[in-house]
Amino acid sequence: MGVQENGNGIAGGKNKYKRMDSDALEEDIVLSNNLQDQEGVFVEKRDTRIYLLACAIFASLNSVLLGYDVGVMSGAILFIKEDLKISEVQEEVLVGILSIISLLGSLAGGKMSDAIGRKWTIAFATFVFQSGAAIMALAPSFTILMTGRLLAGVGIGFGIMIAPVYIAEISPSAVRGSLTSFPEIFINIGILLGYISNYAFSGLPVHINWRVMLGIGILPSILMGVALFVIPESPRWLVGQNRIEEARAVLSKTNDSEKEAEERLAEIQLAADLANSEKHEAKAVWQELLKPSPAVRKMLITGCGIQCFQQITGIDATVYYSPTIFKDAGIKSETHLLAATVAVGFTKTIFILIAIFLIDKVGRKPLLYISTIGMTVSLLSLSLTLSFMSDEKFGIELAILSVCANVAFFSVGIGPICWVLSSEIFPQRLRAQASALGAVGSRVSSGAVSMSFLSVSAAITVGGTFFVFSLISALSVAFVHTCVPETKGKSLEQIEMMFQNEGELQRDEVELGDVEVQRLVQKE
């Protein structure tokens with residue numbers, strides 16, 4: 001009996017082990033399939049990120065043109081003046097006209113991008129700039145040079161307005177902040193490339209070197225032309241044109257899963273339905289911007305306000321006139337002036353790159369606090385240094401440190417974030433033209449600061465001018481606290497809902513769920 005039990009036990013044991021082996025095999029198969037699925041998802045996510053990154057880079061190439069023009073013209077103008085025998089007034093007009101004329105491109109860009117699409121507006125901007133750059137490079141006289149400059153300015157105006165809008169509309173909320181900051185980063189890269197071009201071609205004959213410097217600016221726009229065969233149209237614009245299947249195809253390429261793509265498509269369609277509702281059909285876009293509802297008014301204050309504060313805190317004066325600042329601090333040697341200026345440019349570029357990694361992790365509003373408070377302290381330090389410690393060794397070192405700190409705080413916060421916010425807070429029906437309005441504010445503020453800095457400094461001293469900038473920067477801290485919500489991790493449709501509800505705007509850390517969205521939609 002014991003033997004029988006043993007036999008049963010052994011037999012049972014055999015059956016048991018067989019079953020265990022079978023179960024283990026099944027588990028191994030399931031685990032293997034899961035690992036393969038996970039690996040497939042990982043590869044798919046990686047491919048999606050690479051595709052999004054490529055789209056953001058290609059769309060930002062027009063921003064390189066703006067930066068390159070600013071950087072290269074600072075050196076090329078010396079040779080243009082010598083070659084074409086232009087006067088100082090003509091020199092000032094040639095240099096300063098870009099910011100003014102780019103307003104035309106930015107204003108027209110919103111309406112054009114709504115009519116022909118974001119992608120083809122980028123293409124148009126590229127073509128216009130290429131035409132202007134070619135004319136400038138071949139110009140035999142000041143008149144023709146100005147004609148090319150005007151065309152290039154219009155092209156840049158289109159480009160800097162549409163790039164953040166396109167990137168914001170194509171990007172998932174998790175990476176939208178980082179990708180939408182690319183245009184600001186590429187402006188800085190363009191400035192550095194302009195300086196490099198000046199150095200590289202300055203040894204050529206005077207009647208050739210400045211033409212080569214300006215002509216090199218065509219290269220990024222040629223790459224942009226090639227990129228048009230790669231990048232897709234904005235899915236939100238496609239939905240607005242009732243091209244749903246095309247929008248679905250784009251979303252499937254820019255999201256990690258088909259489920260996520262369908263969810264985003266549903267959100268976009270919902271927002272588009274609201275935009276096309278009877279409430280909005282009766283109002284033209286510009287009429288709605290000029291006579292805004294309370295929600296749109298809050299959006300305009302936030303979007304246009306942050307654009308203006310970005311410039312009126314004096315960043316252009318700090319960057320473009322840094323040799324004047326350092327000379328006022330007591331640096332006499334031109335070599336030392338150049339070295340200090342290079343340090344400023346290097347610092348600005350490094351911290352704009354750092355902003356990419358922080359903007360979607362830390363959030364917009366915390367970085368804006370760090371940026372505006374840091375700029376206020378840096379500008380006040382620079383003002384006091386220039387006023388009371390000029391020509392002293394410690395004063396010179398503190399002035400260099402203050403300027404570098406100012407551009408660092410600018411680049412890690414308000415520099416890129418102002419473009420991110422202005423491209424993501426407006427609803428679909430207003431986004432392009434409202435962003436264009438914000439770009440106009442930025443260009444006007446930039447022109448006002450850069451064209452008045454020397455005369456204001458002559459009247460109240462350089463130190464006094466930076467004291468005024470520090471006061472304006474302090475106001476920007478209050479503006480961020482009062483008017484800017486946190487948009488990290490929210491879809492563009494959820495952000496629109498935040499402005500529709502005053503309570504949500506004040507409690508901007510609270511995420512809007514599906515229930516809240518449905519409730520607000522029913523209320524509409």
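Using the three backbone atoms N, Cα and C, a Cβ is placed for every residue, glycine included.
Sequence annotations record features per position, and here TrEMBL assigns transmembrane segment to 50-80, 92-108, 120-138, 150-168, 180-200, 212-231, 337-359, 366-386, 398-421, 453-480. Here TrEMBL flags 55-488 as domain 'Major facilitator superfamily (MFS) profile'. The annotation coiled coil is assigned in TrEMBL to 244-278.
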For the transmembrane segment (120-138), which recorded stretch in the set 92-108, 150-168, 180-200, 337-359, 453-480 gives the largest number of Cβ pairs separated by under 8 Å? 150-168
Which stretch, 92-108, 212-231, 453-480, tops the Cβ pairs under 8 Å count with the transmembrane segment (366-386)? 453-480
Six or more residues out from either end of the transmembrane segment (212-231), which same-chain residues have a Cβ under 8 Å from its Cβ atoms? 54-55, 58-59, 61-62, 64-65, 68-69, 72, 75-76, 79, 119, 122-123, 126-127, 129-130, 133-134, 136-137, 152, 155, 190, 197-198, 201, 204
Among the ranges 150-168, 180-200, 337-359, 398-421, the one whose Cβ pairs under 8 Å to the transmembrane segment (50-80) are most numerous: 180-200
Need a quick answer: max count of Cβ pairs under 8 Å to the transmembrane segment (337-359), which of 92-108, 150-168, 180-200, 398-421 is it? 398-421
Of the stretches 92-108, 150-168, 398-421, which racks up the most C-beta pairs under 8 Å with the transmembrane segment (180-200)? 398-421
